[in-house]
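*Asks:* Here you go, one structure.
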2 protein chains.
Amino acid sequence: MASLLQHLGLFLLFFVSCHSQYHPLDSLTPSEFHQVQAIVKGSNPGSSLNMTFQYVGLDEPDKSIVLSWLSNPNSTTPPPPRRAFVITRLHSQTHEIIVDLSTQSIISDEVYGGHGYPLLTSEEQTAASVLPLTYPPFIASITKRSLKLSDVVCSTFTVGWFGEDKSRRVLKIPCFYTDGTANLYMRPIEGVTIVVDLDDMKIIEYYDRLMVPVPEAEGTECRLSKQNPPFGPPLNGVSAMPPDGPGFKIDGHNVRWANWDFHISFDARAGLIISLASIYDLQKGTFRQVLYRGHVSELFVPYMDPTEEWYYRTYFDEGEFGLGICTVPLQPMLDCPPNAVFTDGYYASQDGKPMSISNAFCVYEQEAGRIMWRHTETDIPGEEIKEVRPEVSLVVRMVVALTNYDYILDWEFKPSGSIKFGVGLTGIPAVKGVSYTHTDQIKEDVYGTLLAPNAIGVNHDHFFTYRLDLDVDGDANSFVKANLETKRVTDNSSPRKSYWTVVSETAKTESDAQIQLRLKPVEQIVVNPNKKTKLGNYVGYRLIPGSLSSPLLSDDDYPQIRGAFTKYDVWITPYNKSEKWAGGLYMDQSRGDDTLAVWSQRNREIENKDIVLWYTIGFHHVPCQEDFPVMPTLSGGFELRPTNFFENNPVLKTKPPTPVSWPNCTH
Amino acid sequence: MASLLQHLGLFLLFFVSCHSQYHPLDSLTPSEFHQVQAIVKGSNPGSSLNMTFQYVGLDEPDKSIVLSWLSNPNSTTPPPPRRAFVITRLHSQTHEIIVDLSTQSIISDEVYGGHGYPLLTSEEQTAASVLPLTYPPFIASITKRSLKLSDVVCSTFTVGWFGEDKSRRVLKIPCFYTDGTANLYMRPIEGVTIVVDLDDMKIIEYYDRLMVPVPEAEGTECRLSKQNPPFGPPLNGVSAMPPDGPGFKIDGHNVRWANWDFHISFDARAGLIISLASIYDLQKGTFRQVLYRGHVSELFVPYMDPTEEWYYRTYFDEGEFGLGICTVPLQPMLDCPPNAVFTDGYYASQDGKPMSISNAFCVYEQEAGRIMWRHTETDIPGEEIKEVRPEVSLVVRMVVALTNYDYILDWEFKPSGSIKFGVGLTGIPAVKGVSYTHTDQIKEDVYGTLLAPNAIGVNHDHFFTYRLDLDVDGDANSFVKANLETKRVTDNSSPRKSYWTVVSETAKTESDAQIQLRLKPVEQIVVNPNKKTKLGNYVGYRLIPGSLSSPLLSDDDYPQIRGAFTKYDVWITPYNKSEKWAGGLYMDQSRGDDTLAVWSQRNREIENKDIVLWYTIGFHHVPCQEDFPVMPTLSGGFELRPTNFFENNPVLKTKPPTPVSWPNCTH
């Protein structure tokens with residue numbers, strides 16, 4: 001223990017005293033957002049009023065610079081200069097700007113000439129969503145349907161790309177009816193298509209194709225304050241704050257807990273980014289690298305209704321709307337347990353000024369009653385051995401509300417070296433208004449399930465693509481496919497006829513590492529080919545995949561061309577700073593020319609290189625009535641687990657946590 | 001709330017007052033075990049000393065009788081008579097005996113003439129395991145290896161069946177060296193084969209084929225009391241007993257919590273059995289059936305080493321050793337959290353008298369920081385809606401220690417209607433002694449991973465086959481395969497080229513329901529074809545599978561013939577009281593003639609019948625150094641989730657649990 005504490009002490013020292021005020025991977029601070037705003041606006045004095053900030057974030061320093069700086073904690077080398085990456089729109093053009101904050105200057109400002117558009121801002125979506133309310137043809141449509149305009153609320157949907165040669169920066173505006181409920185998504189006003197041009201901020205297309213009833217408000221309310229008895233089932237509260245406070249420390253953006261050390265940052269697009277995760281090796285007496293940087297890279301949600309008003313609903317939520325921008329302020333005691341600690345996040349408004357999200361992330365120690373390891377031994381005469389170590393893990397949580405859906409995204413760090421990635425799907429399912437009130441009336445494909453009278457919950461998928469820049473004990477890594485292959489015993493050497501064995505292949509180039517996990521039993525391991533255990537096994541981390549739900553769209557279908565990064569469950573690329581977003585930097589109306597699938601066509605070498613693991617966890621969602629009017633969380637996840645990374649079980653010598661007594665309680 | 005409480009009250013009344021002292025599915029009581037012992041021994045006065053009790057358990061009353069009795073809570077009909085099912089060995093014969101406890105008489109006593117042998121008793125295994133210690137050839141082998149006989153501990157392994165025409169009831173006896181450690185499994189004495197005849201209780205075969213070093217004791221100890229500093233990583237304790245006690249009630253074998261009601265019982269072979277799980281429907285104001293009876297039916301663990309001393313290690317742990325018999329007493333605060341309540345279990349010793357396992361099961365409310373459902377809504381002007389319901393669930397846990405391995409088997413009941421099945425693998429991996437001390441020396445297939453000098457962790461699988469007799473809102477159910485099929489849009493009716501839709505097939509006969517989940521995307525739903533929601537959807541429960549690890553042994557290999565029930569991930573059979581054990585009633589040395597695969601060859605009708613779902617969750621295990629000397633828990637699981645069972649989200653009107661304050665604490 002002494003040595004660990006000593007080491008932690010050194011580590012603390014390293015961050016607190018040697019490395020001045022910031023870490024090179026820290027998110028931009030509010031003050032830095034203000035500086036960026038001033039610098040960029042200042043460089044365009046004539047047109048600053050028309051300029052919109054679509055994205056402002058840290059321009060991540062080169063990895064080699066960060067690693068070299070971190071490896072010399074005691075040197076006087078200054079950290080790499082703080083830079084911001086900015087995307088603006090000005091005069092219908094997209095600008096990519098790099099701002100150097102140390103010199104308060106613009107390093108580059110280039111007009112982007114390719115396909116696709118940047119992240120949408122909240123402000124332009126709000127502006128677009130209210131246009132129908134004063135648009136006479138829409139008002140006529142509402143009147144024709146005998147609805148009250150004052151109870152109509154419109155939202156903003158991205159339009160995708162379906163082979164058009166030319167594109168304008170547009171959104172489609174679906175509208176909903178709130179009369180008697182706050183659950184607007186359960187009351188779609190079907191049949192109307194409204195297209196808004198964002199550069200001109202006006203409606204450029206309008207169709208009212210068909211009329212179907214708006215589903216009733218009854219039963220759609222999920223606010224406790226609006227519900228009537230009976231309530232239930234009753235749940236006891238068993239939570240309590242630990243008397244000694246949390247067992248972790250958050251120092252700036254750095255989190256230290258048990259044997260883990262990592263950095264958390266907030267990005268408007270990615271939301272939570274975990275960097276520089278390393279684990280203390282008790283035997284070696286040192287921290288060892290596991291992950292340089294990891295985050296959700298894209299979230300593809302295609303709906304399965306090809307009709308006029310629905311075909312385009314094939315969202316790329318992260319690149320279009322921003323997981324960071326859509327991160328919700330977490331509610332203590334509800335979104336996170338009583339022992340959670342919260343941190344804030346900042347992103348740039350359309351005007352460039354910092355917007356704060358309070359409680360954007362929570363961090364808590366999870367004690368779920370799990371067992372970290374155990375063994376009962378009764379075979380030794382006269383001895384009964386029972387050794388049990390309860391599990392405590394550390395969770396970092398973000399919740400993203402993307403219009404109707406709410407996603408719960410957890411990173412769970414285990415003392416055993418595993419990182420578990422939790423994905424929870426809740427919120428409101430997207431429903432389509434139909435004329436049917438009972439399944440007996442349905443004689444055609446309605447593309448979903450009748451969830452309420454006149455409301456079809458439309459079939460869809462969710463594909464979460466994680467970019468995981470693993471650095472397993474160093475940045476030169478290889479990817480090993482450990483194939484489990486059946487061997488026949490044909491020489492009568494055994495009474496057995498078969499067994500399986502591991503036939504490992506190291507992927508030489510990108511195509512070797514493109515894996516569809518359904519096809520054959522294979523373990524995926526990122527190893528450090530330059531580091532072996534004392535016994536000679538390569539140190540590694542293994543991917544344990546989650547539910548296997550692969551895309552079912554045709555490869556040549558436009559949404560799937562844009563989402564081609566979901567074709568394989570696993571990809572490996574050589575590290576490339578510019579390859580962050582699996583669907584491309586400009587996702588909105590992208591044409592699939594800047595995806596992971598395209599980058600990988602170069603078939604680069606990936607053996608003994610700095611490599612990045614891309615993993616997609618997918619869910620096919622056939623809605624059911626239980627999803628009405630709000631979905632019980634559907635959970636999934638996957639795991640990165642050390643495999644021959646340690647010389648032995650890294651928690652062998654962990655003492656069971658001491659049960660906390662509540663002193664002097666008189667109840 | 002009033003109505004729910006009222007209903008719970010009625011329910012309570014129903015069990016407590018109307019239905020006398022026992023529930024027809026209760027495990028045998030200690031007094032009943034004594035009665036069975038006396039009756040069976042009394043009927044064989046001459047030979048009762050030679051008779052061994054291999055299994056004693058409840059002879060489950062016919063399902064129709066139980067259901068009819070339960071459906072008339074106010075009638076004076078007595079419960080079905082208590083009967084015991086007994087398997088004894090006497091004069092090298094297996095007897096199947098049914099004892100009626102109400103008349104204190106034997107109803108039938110038949111000699112079993114087929115293949116395979118019953119559950120092993122602890123006593124005969126202990127007797128067999130000490131035979132080598134006084135067997136001169138073995139003593140010579142130990143001396144030849146320069147080991148101390150006093151530090152040798154032997155265990156008992158089942159031998160399987162490899163095509164032999166004749167079989168005797170035998171075990172193989174592997175021996176281990178404990179000098180300097182309690183972790184015997186890490187120190188195998190390799191190369192020796194000892195076969196014990198259990199009927200004669202003597203060694204009938206002995207070979208000493210080869211000598212390899214016994215792996216060192218160093219680093220194998222997992223007892224805290226024997227470990228030296230440094231310890232770590234340190235974990236804070238955050239647990240605390242809830243001040244108001246648990247929110248569930250255990251009344252006899254019945255558990256009531258939130259909206260769930262179910263019965264738990266203990267069986268020597270199955271361990272935990274959950275029966276008559278039903279959920280309160282707040283809208284309908286009534287409890288609705290979900291599961292008549294569920295338990296692990298078999299646990300197949302084949303190792304992948306075809307050599308002389310290892311080929312036969314293809315265990316069927318449940319049918320050979322008994323999950324109940326191997327259930328460990330759970331340790332409060334360690335195996336289960338502070339808020340757990342424990343219940344005991346009983347099984348018959350070889351002599352027939354009841355053996356108690358204290359704390360065999362624990363029941364606790366799990367508050368892991370999860371979110372049951374949530375939604376944040378910001379699209380409505382002037383309103384921000386944030387509704388969050390934290391999740392509390394109820395866990396019933398059993399831990400089974402099967403020689404070296406420890407299995408953690410959880411049933412988690414969620415208020416949303418889901419049942420999650422957790423499987424945790426921990427304990428000691430089985431290692432083989434070899435001459436290698438470094439991977440550089442290995443030039444052949446060693447069937448596993450070098451975990452320590454001279455110790456190979458041998459590749460193996462774990463297949464947990466669950467028998468789940470679902471009664472979805474009644475016992476006449478059907479099995480629906482909801483295939484997700486890609487449709488091409490070929491008529492230019494949409495800018496899309498493809499989408500997927502659900503093409504449902506109802507399985508008519510058993511072969512329709514045999515599913516290999518890897519092959520295509522399909523949802524598995526057990527529906528009640530006689531009950532629809534108001535909207536017309538069939539009420540159902542869906543299986544959400546866990547990790548897909550299918551058997552890799554050849555179909556014609558003997559272990560796979562015996563374990564043919566793992567060939568498909570999912571099977572459906574019509575309910576048949578005698579079809580409980582997927583590998584057959586007599587698993588030890590079985591020949592595969594009484595498995596689920598054989599029963600299903602009849603291809604019986606399963607539509608609108610009382611059906612049973614069999615699901616196998618598998619794990620391929622390539623050991624790694626982290627598994628040495630005790631494995632960090634590897635977790636998996638699967639879920640049964642209501643799908644159109646309720647008219648809407650059943651926890652829509654659940655209030656968030658009140659945070660518990662700790663009154664008058666002065667710390």
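Just so you know, glycine gets a Cβ as well, placed from its N, Cα and C.
Residues annotated as signal peptide in TrEMBL: A:1-20. Look at TrEMBL and you will find A:23-110 tagged as domain 'Copper amine oxidase N2-terminal'. The annotation domain 'Copper amine oxidase N3-terminal' is assigned in TrEMBL to A:118-214. Residues or ranges marked as domain 'Copper amine oxidase catalytic' by TrEMBL: A:241-652. If you look up TrEMBL, you'll see A:D317 marked as active site, proton acceptor. The 2',4',5'-topaquinone annotation in TrEMBL covers A:Y405. Per TrEMBL, the feature active site, schiff-base intermediate with substrate maps to A:Y405.
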*Asks:* Can you tell me the CA-to-CA distance separating A:Y405 (2',4',5'-topaquinone) and A:D317 (active site, proton acceptor), as a whole number of Å?
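*Replies:* Distance between the two Cα atoms comes out at 10 Å.
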*Asks:* Looking only at the domain 'Copper amine oxidase N2-terminal' (A:23-110), what is the model's average confidence as pLDDT?
*Replies:* 93
*Asks:* Count the Cβ atoms, other than its own, that fall within 10 Å of the Cβ of the residue listed as 'active site, proton acceptor', considering every protein chain shown.
*Replies:* 23
*Asks:* Quick one: give me the count of other CB atoms within 10 A of the CB of A:Y405 (2',4',5'-topaquinone).
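*Replies:* The answer is 24 other Cβ atoms.
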*Asks:* Per DSSP, what is the residue tally for the domain 'Copper amine oxidase N2-terminal' (A:23-110) in helix, strand and coil?
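*Replies:* Split by secondary structure, the domain 'Copper amine oxidase N2-terminal' (A:23-110) comes out as 21 helix, 29 strand, 38 coil.
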